[in-house]
């Protein structure tokens, strides 16, 4: 497998085996406790798409007012795609672009939502956990599909949820965010508790399946239209 090693992965030899080993090591740094302000001012959503037949990784960042959930900033970062998709190693493919997008924000978010897994991952170190450990920012993973673990299908109403278990331990939540839609896979990434990940995701839901931070980032990453910014943010 041909890879271009980003400085954020210093010490990685580019192999799948060592990438998995690094995940297991870095997973020990994940903090599953709530370290988010009770009244955060800024949230951010991140998602990734691809251009040029997959040769370019396109990372979208959207900064939102935490009270109104209206967007304040949007940015897109583009970097050459460094490696092919390997299940469970998404961060080694997408994290360099996400960090570039984060650097474009004029203000630092208090809490970050990533389109992808937090600790709901075979080695409990998905892209939201990796992002959080590298940046130090509280993070939550919100994925559209399950990667690891099992769960009982939650009820059909908005807000219904059930725990996702792996080897007898909870790694996330299956959350029915919208009736007649498949559940989201929600899990803490870093500096957020299991319950906190669920609560914050519920707080940021509106009329759509995805919470506003990742919904807007998904829209920007997939080039489905411009996002109108809130020009006068609410002061908390």
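Quick reminder: no glycine exception, Cβ is built from N, Cα and C everywhere.
The DSSP secondary structure for residue 115 (Mg(2+) binding site) is strand. The Mg(2+) binding site annotation in Swiss-Prot covers 47, 115.
Around the Cβ of residue 85 (site 'Interaction with target DNA'), the number of neighbouring Cβ atoms within 10 Å comes to 11. Under the heading site 'Interaction with target DNA', Swiss-Prot lists 85, citing sequence analysis as support.
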